Amino acid sequence: MSEKKINLLDLDRKAMRALFADMGEKPFRADQLMKWLYHFGVSDFEEMTNINKVLRQKLAARCEIVAPEISSFQKSTDGTIKFAINVGQGQEVETVYIPEDDRATLCVSSQVGCALECTFCSTGQQGFNRNLTVSEIVGQIWRVSHFLGFAKDTGERPITNVVMMGMGEPLLNLANVIPAMDIMLDDFGFSLSKRRVTLSTSGVVPALDKLGDAIDVALAVSIHAPNDELRDILVPINKKYPLDEFLAGIRRYIAKSNANRGRVTVEYVMLDHINDSTDQAHELAKLMKDTPCKVNLIPFNPYPGSPYGRSSNSRIDRFSKVLMEYGFTVIVRKTRGDDIDAACGQLAGDIRDRTKRLAKKRMQENQISVTMN
């Protein structure tokens, strides 16, 4: 039986250099290869013309370059594109490209499904299957970059920002998310600014501390309720890591981070007559007063079977004005791609194994999988 080949898209620069050292090669050769992968999108060793033939042959014998394939895509009337990405075993995740006048953001998934079961989120209602590998995470960017033309002009704006806000809770997959983000930030990788890579979390506090020790990226935090009683219902992980613990973890992260410029983004989905009253706005403002942040109000995007409705514009406006009276910067997120179910909270994918009992068992046994090993 032949030895399984190493997928080079699984390796950040440190791991890539270690592989090349094992082959008796100098570190700069690893850097050259990464540029071919991430600057030019080359997947054929024979096209890497500044790498000598002997090394190309060694690489072909020992390594491979395999990214998950785009199985289908839908384009919204607003230019948003939702991609179904085939990650094997009959499973798909969803990746969303969001173009704007001055940027283009790619919303990337970190897991097949999600174990957190947030009650307003379509993905959370589908159950959890597995973590994505490094190559499956960076492969989403790699494939969409190919779709957009990499160095060629296809009329689509190239990716300038990446947000880890797709399917899954990124902090439950640190072992793969951290090296994937390293590749996003690396000058020999996708070469993105740390302020242009954002990780969103619902509050796995021990993993948030580990993230802050390992890498510096922009942070978005899913709060969605002004008190523990309501958040226990909307975001069940709150029962394990309540708001006071989460906010303390956020402040620790801010203290370590340059990418956040001293404050994080608070995400707050607007659910009609659930969490959107002016009293709750006052409560949220008092909750967040010691945590430097701007607030992103997200109109709820309904999905089939959802028990919630979207807050009216007038309720969102009143809620926003209360927060601004306390001095918060408030942004009401423009809904993008809702006509193709690509908006926030609508990603579900094709998850064949939706056994929630398995997810809950893993959460109990692994303390929600916060180790990086």
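Quick reminder: no glycine exception, Cβ is built from N, Cα and C everywhere.
Taken from Swiss-Prot, the feature active site, proton acceptor applies to Glu94, supported by sequence analysis. Under the three-state DSSP scheme, Glu94 (active site, proton acceptor) falls in the strand class.
Over the domain 'Radical SAM core' (100-339) the predicted model carries a mean pLDDT of 94. According to Swiss-Prot, the domain 'Radical SAM core' annotation covers 100-339.
What Swiss-Prot records for Cys107-Cys344 is disulfide bond, and it gives sequence analysis as the kind of evidence. In the three-state DSSP assignment, the secondary structure recorded for Cys107 (disulfide bond) is strand. If you take the C-beta of Cys107 (disulfide bond) and look for same-chain residues 6 or more apart in sequence within under 8 angstroms, you find Thr95, Val96, Tyr97, Ile98, Val163, Met165, Gly166.
As annotated by Swiss-Prot, [4Fe-4S] cluster binding site applies to Cys114, Cys118, Cys121, with the evidence given as sequence analysis. Packing around Cys121 ([4Fe-4S] cluster binding site) is summarised by its Cβ count: 27 other Cβ atoms lie within 10 angstroms of its Cβ, all protein chains included.
As annotated by Swiss-Prot, S-adenosyl-L-methionine binding site applies to Gly168, Glu169, Ser200, Ser222, Ile223, His224, Asn301. In sequence order, Cys118, Phe120, Arg231, Leu234, Val235, Glu267, Tyr268, Val269, Asn275 are the residues near His224 (S-adenosyl-L-methionine binding site), counting only same-chain partners six or more apart with C-beta under 8 A. Following the DSSP three-state reduction, the secondary structure of His224 (S-adenosyl-L-methionine binding site) is coil.
Per Swiss-Prot, the feature active site, S-methylcysteine intermediate maps to Cys344; the stated evidence is sequence analysis.
Cβ neighbour count within 10 Å across all protein chains ranks Ile223 highest among the binding-site residues Cys118, Ile223. Cα to Cα, Ser222 (S-adenosyl-L-methionine binding site) and Cys121 ([4Fe-4S] cluster binding site) are separated by 12 Å. Taking CA atoms as the reference points, Ile223 (S-adenosyl-L-methionine binding site) and Cys121 ([4Fe-4S] cluster binding site) are 13 Å apart. Each of the binding-site residues Ser200, Ser222, Asn301 was ranked by the number of other C-beta atoms within 10 Å, and first place falls to Ser222.
Each of the recorded positions Glu94, Glu169 was scored by the number of other CB atoms within 10 A of its CB, and the lowest score belongs to Glu94. The maximum pairwise C-alpha distance among Gly168, Glu169, Ser200, Ser222, Ile223, His224, Asn301, the residues recorded as binding S-adenosyl-L-methionine, is 19 Å.
Here the Cα atom of Gly168 (S-adenosyl-L-methionine binding site) is found 4 Å from that of Cys114 ([4Fe-4S] cluster binding site).
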